[in-house]
Amino acid sequence: MIIGIGTDIVGIPRFQRHVDDPDSSLLRRIFTDQERSYCNARKSGAAACFAARFAAKESFLKALGTGLSDGISWHDMEVVNDELGKPELRLSRRAEELFRKKKGAGLFLSLSHDGGCAVAMVVLESL
């Protein structure tokens, strides 16, 4: 049974400014070391990569229905890719706890970017 759906769209230029600024703390605050390494390795596509991952985190928070309240940190949600490149959302700490509290059993993530925007959709499922 579906217990939550969230979607978010983000302007890629918003993240390009932070990719271009080595002193920007925003990327460290929102993204894990692994996420930053993955996106920065994309060179010209780094901003789109960061924007899509931010949209994924926002989409999860919308699907969960909490926003960043209730003790969830940006680092409690991490977008990783499987061996075929499929993006997955890895939860930890408070995000995982609240997901389980809602009887969450499955989490589905889709990412895309085009025309200066990145979009993500998250579907939460229970047994």
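Any Cβ shown, glycine's included, is placed from N, Cα and C.
What Swiss-Prot says about this one:
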- ASP8, GLU58: Mg(2+) binding site (BINDING)
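Around ASP8 (Mg(2+) binding site), the C-beta neighbours below 8 angstroms that are at least 6 residues distant in the chain are PHE54, ALA55, ALA56, GLU58, SER59, LYS62, VAL119, ALA120. The number of other CB atoms found within 10 A of the CB of GLU58 (Mg(2+) binding site), across every protein chain shown, is 20.
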